[in-house]
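J.: Structure in structure tokens, see below.
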Amino acid sequence: MVRADDDMEESFALKKSVPPSSVLPFVGVACLGALLFGYHLGVVNASLEYIAAELGFAGSSVLQGWVVSSTLAGAAVGSFTGGALADKLGCRRGLQMNALPLFFGTLLSGTSNGVESMVVGRVLAGVGIGISSSVVPLYISEISPKEIRGALGSANQVSINVGILLAIIAGLPLADNPAWWRTMFYLATIPAVLLFVGMVYSPESPRWLYKQGKTAEGEAAERQLWGRLKLEESFIATKATNSSVEEDATWRDLFGKRYRKVVGVGASLFLLQQFSGINAVVYYSTQVFQSAGISSGVAASALVAAANVIGAVVASYLMDKQGRKKLLMTSFSGMGASMLVLSLCLSWHALEAFSGILSVLGTITYVVAFSLGAGPVPALLLAEIFASRIRPKAIALSLGVHWVCNFLIGLVFLSVVQYVGVSTVYLGFAAVSAAAVFYVANNVVETKGCSLEEIERELSSAV
């Protein structure tokens with residue numbers, strides 16, 4: 001009566017889709033890590049000048065750059081740590097441990113009396129958001145039914161954008177209360193506590209449990225997630241007890257012939273994402289708008305953040321309809337066009353009278369284009385295109401590239417702008433966006449509607 005794996009997979013594929021309602025609370029808890037990811041990226045946007053004034057480094061662009069970039073340095077370390085935690089302890093415990101540096105790093109920044117303690121606190125918080133950046137999308141992808149994995153995976157990016165928006169809103173009282181920046185940091189301890197507590201009641205990824213040979217616990221996790229025992233592919237459980245199951249890959253395996261191409265795609269997507277300019281726009285949008293003649297830079301930045309949230313919500317709706325690859329190409333095309341417009345409006349004297357409004361419109365258009373594809377798709381694709389054997393380490397490596405690039409941009413952006421001008425920098429971002437369109441067209445595979453196991457088999461057979 002027992003037939004080959006393909007026949008069993010077909011029978012399970014015909015089963016009715018699992019309602020997402022039972023999965024949503026656990027996705028929401030995990031997204032608290034993504035929320036803090038965005039909040040810590042945006043918290044110094046409006047508060048940097050007040051922090052620098054109180055802590056005594058207002059005249060140093062280098063030290064201001066370190067306050068911005070120290071979080072990113074910590075995140076680069078955290079992204080690799082996240083891969084190891086997910087491998088050894090599972091996503092649930094990894095996210096629970098992740099709440100600790102998010103809490104204590106934020107508390108240290110809020111109570112700092114000098115630039116040194118501020119930077120240390122930012123590094124600790126960075127380690128936390130680095131772990132979040134690798135483990136949150138992995139956890140969501142592994143607990144989500146394949147039919148809605150794109151939409152639920154996009155919740156990660158929506159939460160990041162909401163975090164950025166909340167950081168900007170939290171900074172509104174700064175004009176009347178320059179010491180309010182401390183409260184902005186204290187507020188970030190609340191989601192960290194909720195993440196820790198919420199993960200106590202959340203299930204582990206069934207895939208990780210099966211991989212560890214814990215079949216009974218995996219079945220229990222499935223019932224908690226989906227309301228009944230439903231394997232997307234019956235051979236997940238079979239492989240867990242089969243002696244032919246491969247051991248976890250080593251870091252060296254990622255660069256071997258079998259995996260180096262797909263790992264290269266994951267790393268390249270984040271490199272292109274970062275050097276297309278998004279975080280330069282987020283970090284320094286207030287200063288850029290003020291230099292363009294807009295008196296309320298905070299209000300302009302809040303408008304940009306709101307556009308980011310709206311675009312990400314639209315992307316979550318389109319992800320399982322249009323597909324990942326199409327959204328990526330459309331996104332990078334729109335980003336390139338927007339950056340070109342921004343560059344021209346800041347360099348042509350004929351447009352000087354309109355530079356303020358064009359800067360805002362161009363930036364909003366850029367952010368919406370980013371949030372439709374280049375923002376949510378790379379993290380989602382990482383969890384989909386990497387084989388289970390390499391998934392945690394390959395995600396960690398790709399996000400390590402993300403954070404290193406992020407760190408470099410945050411560190412040198414103001415200095416490069418002072419040397420060559422904003423217009424030239426934006427023109428460079430436009431060129432990277434154009435290159436990204438061609439790269440995606442030739443290297444990225446479509447994954448919508450496929451289970452993680454189907455994607456793994458297809459890519460493995462291609463190799």
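Glycine residues also receive a Cβ, built from the backbone N, Cα and C atoms like all the rest.
Since this is a predicted model, take the numbers as computed values, not measurements.
Got these off TrEMBL a minute ago, pasting:
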- 21-43: transmembrane segment (TRANSMEM)
- 26-448: domain 'Major facilitator superfamily (MFS) profile' (DOMAIN)
- 63-86: transmembrane segment (TRANSMEM)
- 98-115: transmembrane segment (TRANSMEM)
- 121-140: transmembrane segment (TRANSMEM)
- 152-172: transmembrane segment (TRANSMEM)
- 184-202: transmembrane segment (TRANSMEM)
- 262-286: transmembrane segment (TRANSMEM)
- 298-319: transmembrane segment (TRANSMEM)
- 331-351: transmembrane segment (TRANSMEM)
- 357-382: transmembrane segment (TRANSMEM)
- 394-417: transmembrane segment (TRANSMEM)
- 423-441: transmembrane segment (TRANSMEM)
J.: Find the member of 21-43, 63-86, 98-115, 262-286, 423-441 that has more C-beta pairs under 8 Å to the transmembrane segment (298-319) than any other listed stretch.
T.: 262-286
J.: Over the span of the domain 'Major facilitator superfamily (MFS) profile' (26-448), how high is the average pLDDT in this prediction?
T.: 84
J.: Is it true that the transmembrane segment (21-43) and the transmembrane segment (184-202) have 3 or more Cβ pairs under 8 Å, skipping pairs fewer than 6 apart in sequence?
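T.: Judged by the Cβ rule, the two regions touch, with the required three close pairs present.
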J.: Under 8 angstroms for C-beta pairs, at least 3 of them, ignoring pairs fewer than 6 apart in sequence. Is the transmembrane segment (423-441) in contact with the transmembrane segment (98-115) by that rule?
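T.: No, these stretches are not in contact.
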J.: With the transmembrane segment (184-202) as the reference, which stretch in 98-115, 121-140, 262-286, 357-382, 394-417 has the largest tally of C-beta pairs below 8 Å?
T.: 98-115
J.: Counting Cβ pairs closer than 8 Å, which of 121-140, 331-351, 357-382, 394-417 has the most of them with the transmembrane segment (262-286)?
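T.: It is 394-417 that shares the most Cβ pairs under 8 Å with the transmembrane segment (262-286).
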J.: Under 8 angstroms for C-beta pairs, at least 3 of them, ignoring pairs fewer than 6 apart in sequence. Is the transmembrane segment (394-417) in contact with the transmembrane segment (152-172) by that rule?
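T.: Since fewer than 3 Cβ pairs under 8 Å link them, the transmembrane segment (394-417) and the transmembrane segment (152-172) do not come into contact.
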J.: Can you work out which residues elsewhere in the same chain, 6+ from the ends of the transmembrane segment (331-351), have a Cβ less than 8 Å from its Cβ atoms?
T.: 272, 276-278, 292, 358-359, 362-363, 365-366, 368-370, 372-375, 377, 421-424, 426-427, 429-431, 433-434, 436-437, 440
J.: With Cβ-Cβ distances below 8 Å as the criterion, list the same-chain residues six or more beyond the ends of the transmembrane segment (121-140) that contact it, or say none.
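T.: For the transmembrane segment (121-140), the sequence-distant neighbours (Cβ-Cβ under 8 Å, at least 6 residues beyond its ends) are 27, 30-31, 33-34, 36-37, 40-41, 67, 70-83, 85-86, 91-92, 94-95, 97-102, 104-110, 112, 149, 152-153, 155-156, 185, 188, 192, 205, 379-380, 382-383, 391-392, 395-396, 399, 402-403.
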